[in-house]
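Visitor: This is the structure, below, for whatever I ask next.
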Amino acid sequence: SFVFIQDFSQAMSQAGSSQFQEVIRQELEYSMKVELDKILATAHSNEIEHTKKDLEGFKKLFHRFLQEKGPSVDWGKIQRPPEDSIQPYEKIKARGLPDNIASVLNKLVVVKLNGGLGTSMGCKGPKSLIGVRNENTFLDLTVQQIEHLNKSYNTDVPLVLMNSFNTDDDTKKILQKYSHSRVKIYTFNQSRYPRINKETLLPIAKDVSYSGENTECWYPPGHGDIYASFYNSGLLDNLIAEGKEYIFVSNIDNLGATVDLYILNHLMNPPNGKRCEFVMEVTNKTRADVKGGTLTQYENKLRLVEIAQVPKAHVDEFKSVSKFKIFNTNNLWIALSAIKRLQEKNAIDMEIIVNPKTLDGGLNVIQLETAVGAAIKSFENSLGINVPRSRFLPVKTTSDLLLVMSNLYSLNAGSLTMSEKREFPTVPLVKLGSSFTKVQDYLRRFESIPDMLELDHLTVSGDVTFGKNVSLKGTVIIIANHGDRIDIPAGALLENKIVSGNLRILDH
């Protein structure tokens, strides 16, 4: 029997008596179990084992989702982190490096979160395969960085990719091209969870398949899934057996997330002799980062607080740059032995992120996700390190892509560094309009990437194209209204200019 409920949270608040709430919860869990069993029954013998693991993990998450009420933090308990719990990077760098840096490096594994698709930039397939610089993809740059480390120090730092069912096949096909590079590459898959109908709170999938029309029925549950899937894959144990001690985890689209030897040395040779199990790189907020998760002190533990967890009345306070000065870059350094210990005790606690989606046919679904950094409170002796902004260089949009393709950066052994010719270390603010959203449209509109060394701010809107060798300086705003088109001529210099109306360059 199933109690049909329009909106679960509303029903819960009206349900009044906790006894009645408990009955509804049990009904929902029972109905979910019945549906999941039906789905599992459609699995082939070779899929049963991992499908079972996935659905077990999902059931735990769903159970917690039904238990939790309202924002998961009590705002009154949030405190500023103690002084020594977030260290300035300069202090860590000032310690220098030991002579035996190779032996420290050999304890490290680089993990890249590679579950995302390039859909937000109009690309099919894994985001990591989009070209970012001189034909190099995110994945190419990552492999080049680690290969450079291994060659320079004669070490064996492996690369591990956490794929999702969306990116696994395409990524594995491409990995063959690195078979001669000096980097061992491993992959494992994050879980595959069923999307839930928002009204009925039941899975929309009827069977285990996830191809064709069933692609919309499943989702990868966020990067917080790394702990369970890394452990379940057996790879975690293999790496520990090889003598590896730390992983450096980051998003594959963060081009600033390179292996930092000073941070690694701080982990392996802590000044007070007590090793950290979890280090989160944070960096100072600018006005562009007001929504980023921040580190706070909460019940005597460092805790990551995301905007979704903040009660509505306090959102503005959360966004304030003066009270919460830093945000999480999602560059994390975590002890392998600690992941193993906590995973075996089922003691990794991460807040549930409820992510609502509307499918193509108009159906409203929710996906339950977790975030890797939220686990910081489950580890012992955690630390934040306030790193330079250059370690946070994510490419989420074509506006970001324009920055990393430009002469603001030079490329060396897979790493991007800000050009020394740039007078100030901050990046220009770039906003490209909807005509530039898709990578192929964006590439078509730039005959070559403009000189942006002296640019502060660029806004482009409407049907605009750029000829070769254009220079942009100061604040440049280019707006082609509906029906108009603006062609910026080859060799043009725009300095503190607003261009609007119609400007067609005719070929003679």
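Using N, Cα and C of the backbone, Cβ positions are placed for all residues, glycine too.
Owing to the predicted nature of the structure, the values given are computational and were not obtained by experimental measurement.
Grabbed the feature section from TrEMBL, which reads as follows:
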{"type": "BINDING", "residues": "Lys127, Gln190, Gly222, Asp253, Lys396", "note": "UTP binding site"}
{"type": "BINDING", "residues": "His223", "note": "substrate binding site"}
Visitor: Between Lys127 (UTP binding site) and the residue listed as 'substrate binding site', find the distance joining the two CA atoms and give it rounded to the nearest Å.
Guide: 15
Visitor: Who sits close to His223 (substrate binding site): which same-chain residues at least 6 apart have their Cβ under 8 Å from its Cβ?
Guide: Leu113, Gly115, Met162, Gln190, Asn251, Asn330, Thr370, Ala371, Val372
Visitor: How many neighbouring Cβ atoms, not counting its own, are there within 10 Å of the Cβ of Lys396 (UTP binding site)?
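Guide: Step by step: centre on the Cβ of Lys396 (UTP binding site), count other Cβ atoms within 10 Å, giving 14.
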Visitor: Cβ-Cβ under 8 Å from Asp253 (UTP binding site), same chain, 6 or more residues apart: which ones?
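Guide: The answer is Gly116, Lys127, Ser128, Phe138, Pro394, Val395, Lys396.
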Visitor: Return the single residue from the binding-site residues list (Lys127, Gln190) that has the minimum number of other CB atoms within 10 Å.
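Guide: It is Lys127 that, of the binding-site residues Lys127, Gln190, has the fewest other Cβ atoms within 10 Å.
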Visitor: Give me the count of other Cβ atoms within 10 A of the Cβ belonging to Gly222 (UTP binding site).
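Guide: Summing over all protein chains shown, Gly222 (UTP binding site) has 23 other Cβ atoms within 10 Å.
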Visitor: Using only the residues recorded as binding UTP (Lys127, Gln190, Gly222, Asp253, Lys396), report the maximum Cα-Cα distance in Å, whole number please.
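Guide: Of all Cα pairs among the recorded UTP binders, the widest measures 21 Å.
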